[in-house]
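*Asks:* I have a structure here, written as structure tokens, and I will follow up with some questions on it.
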Amino acid sequence: MGDPLLPGSTGLGSGPAAAATGGSGTTGTGLGSGGTSGAERPPSPARLTHTSEKHPKVTLTELNMLRRHRELCDVVLNVGGRKIFAHRVILSACSSYFCAMFTGELEESRQTEVTIRDIDENAMELLIDFCYTAHIIVEESNVQTLLPAACLLQLVEIQDICCEFLKRQLDPTNCLGIRAFADTHSCRELLRIADKFTQHNFQEVMESEEFLLLPVGQLVDIICSDELNVRSEEQVFNAVMSWLKYNVAERRQHLAQVLQHVRLPLLSPKFLVGTVGSDLLVRSDEACRDLVDEAKNYLLLPQERPLMQGPRTRPRKPTRRGEVLFAVGGWCSGDAIASVERFDPQTNDWKMVAPMSKRRCGVGVAVLNDLLYAVGGHDGQSYLNSIERYDPQTNQWSCDVAPTTSCRTSVGVAVLDGFLYAVGGQDGVQCLNHVERYDPKENKWSKVAPMTTRRLGVAVAVLSGHLYAIGGSDGQCPLNTVERYDPRQNKWVAVNPMSTRRKHLGCAVFNNYIYAVGGRDDCMELSSAERYNPLTNTWSPIVAMTSRRSGVGLAVVNGQLYAVGGFDGSAYLKTIEVYDPETNQWRLCGCMNYRRLGGGVGVMRAPQTENYMWCDNSFLLHDR
């Protein structure tokens with residue numbers, strides 16, 4: 001088998017296809033009373049079971065053609081000014097709404113023309129098309145009419161896809177509108193996500209026009225939350241007063257109702273007296289003055305505080321920004337890809353972000369100074385020495401990083417002492433032992449001591465101030481050897497080898513061990529895994545992953561170890577699995593949007609806002 005990460009190699013083994021050619025050298029139908037083999041056997045009934053994969057699609061296509069030609073149609077839907085011809089049985093099979101209409105005792109069950117009110121005619125046509133084609137495009141221009149129409153017709157799949165589209169559109173300027181829309185149409189999951197987004201990004205949301213237009217009830221719902229992400233309670237007070245002063249004449253009557261949910265006892269004494277207590281609107285309202293006095297007593301009488309505890313004295317506890325994992329580039333279905341996606345363990349969702357400017361498989365990925373670096377790789381035609389850098393706050397890649405001194409694919413990349421190291425790989429001519437490091441302050445690469453062994457498909461890890469180069473291939477065969485670099489001495493030394501030869505393995509530091517998983521040995525892709533204890537200089541096995549994975553990414557996110565993508569010997573993988581060290585077990589936990597072999601992974605803190613997701617303004621539902 002060829003190396004699946006090298007250009008020109010399919011990565012496909014002999015597999016089951018090779019076994020499909022019989023082994024006897026003879027052929028026959030098995031029918032009739034011809035010859036026998038060995039002992040006499042009783043005749044078996046002739047049977048061939050077949051399930052057509054084409055049949056559902058072909059049938060839908062033909063039914064849709066009948067509809068388009070208005071043949072065998074037995075109902076006409078009058079929606080707005082439009083007449084939509086259809087077949088009752090198709091509508092009833094797809095929609096509980098139509099099933100109840102046409103199979104019960106309703107008057108419509110006996111009518112050939114049915115008028116449906118309170119639904120957008122364009123949305124209805126799209127939904128009827130979906131019933132016949134299983135295909136729909138949800139986009140910004142139609143989602144607000146599609147969702148209520150899907151709710152009316154009880155098309156749950158379309159409701160879900162509309163909610164998914166709106167989740168991807170969330171940003172601080174529209175999250176309140178999406179929240180209200182979700183509430184109106186009883187989309188609980190979208191409402192929950194919009195609520196969390198609003199709480200998490202409150203400092204940006206409070207500056208939006210949507211915030212100033214909130215009804216008083218929704219404003220109270222938001223500022224009541226313990227999860228509100230603010231630096232201090234002063235921000236909540238300022239937000240409330242901005243909302244009030246947007247329309248003082250109508251809103252001043254609600255000031256006390258709203259102010260009771262601002263945690264005035266948590267304000268600084270200076271702000272409470274100088275800003276809140278001196279505000280003319282606050283001073284003119286007796287209930288507001290009582291709230292200010294309550295806060296003053298709390299601040300002035302610390303010995304009485306145990307008796308004064310309540311919702312207004314409880315500090316807010318916003319959810320901390322967790323870590324997220326980025327999957328970068330790789331090899332998918334026979335080609336290098338530039339796509340990048342982000343995994344959030346809190347929601348278990350993969351979202352697309354901005355792609356790189358170049359396709360890169362065998363790319364090295366690491367995070368330095370809160371920026372994600374993609375180093376080298378192969379674009380399907382050429383070996384690369386270029387580098388791209390991703391800023392999650394702007395969702396943009398830049399190409400202003402100095403290139404490495406040589407082209408590298410299947411390269412190991414890691415960060416040590418503020419430098420970005422590129423280790424081994426191959427340049428299209430030979431397997432490399434070269435090592436160089438990047439200084440972000442100087443935007444410059446410089447060579448350091450080479451490894452003692454040439455290594456492509458090498459895994460690298462940083463532990464206790466040392467850089468480890470683990471496994472890989474010397475260009476002839478996979479390696480189990482490991483060496484360690486000391487930057488103070490600029491020297492590589494060997495440490496104990498792994499128990500298994502591995503190239504294109506995944507590697508990460510977890511709980512002060514170096515974990516090495518998957519890869520490929522001389523014969524096959526591996527699911528086995530082991531870990532290195534630097535204190536004893538020993539490797540010990542752990543339980544194998546659920547899948548064989550060569551070209552796998554391995555990373556620690558929020559204290560959990562994730563294995564991402566790879567190649568199992570017959571297929572590129574988009575599955576991920578997570579390891580539990582207490583139970584010594586791996587479990588599958590979702591899928592990426594893209595299959596990835598030889599993609600890089602990097603872990604960063606989640607950005608302050610979620611408004612950077614890379615997606616088209618449309619969401620296509622078709623054979624997903």
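The backbone N, Cα and C atoms fix where each Cβ goes, and this holds for glycine too.
Feature annotation from Swiss-Prot assigns compositional bias 'Gly residues' to 22-37. What Swiss-Prot lists as domain 'BTB' is 73-140, and the listing cites sequence analysis. According to Swiss-Prot, the feature domain 'BACK' maps to 175-277, an assignment based on sequence analysis. The region 'Disordered' annotation in Swiss-Prot covers 1-55. What Swiss-Prot lists as repeat 'Kelch 1' is 324-370. Annotated repeat 'Kelch 2' per Swiss-Prot: 372-418, in sequence order. Taken from Swiss-Prot, the feature repeat 'Kelch 3' covers 419-465, and the record attributes it to sequence analysis. If you look up Swiss-Prot, you'll see 467-512 marked as repeat 'Kelch 4'. The annotation repeat 'Kelch 5' is assigned in Swiss-Prot to 514-559 on the grounds of sequence analysis. Per Swiss-Prot, the feature repeat 'Kelch 6' maps to 560-606; the stated evidence is sequence analysis.
I'd like to know what surrounds each of these features in this structure.
*Replies:* Under DSSP, residues within the repeat 'Kelch 1' (324-370) fall into helix, strand and coil as 0 helix, 25 strand, 22 coil.
Taking the repeat 'Kelch 2' (372-418) as a whole, pLDDT averages 95 in the prediction.
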*Asks:* As a test: from 324-370, 372-418, 419-465, 467-512, pick the stretch that has the greatest number of Cβ pairs under 8 Å with the repeat 'Kelch 6' (560-606).
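*Replies:* Highest pair count goes to 324-370.
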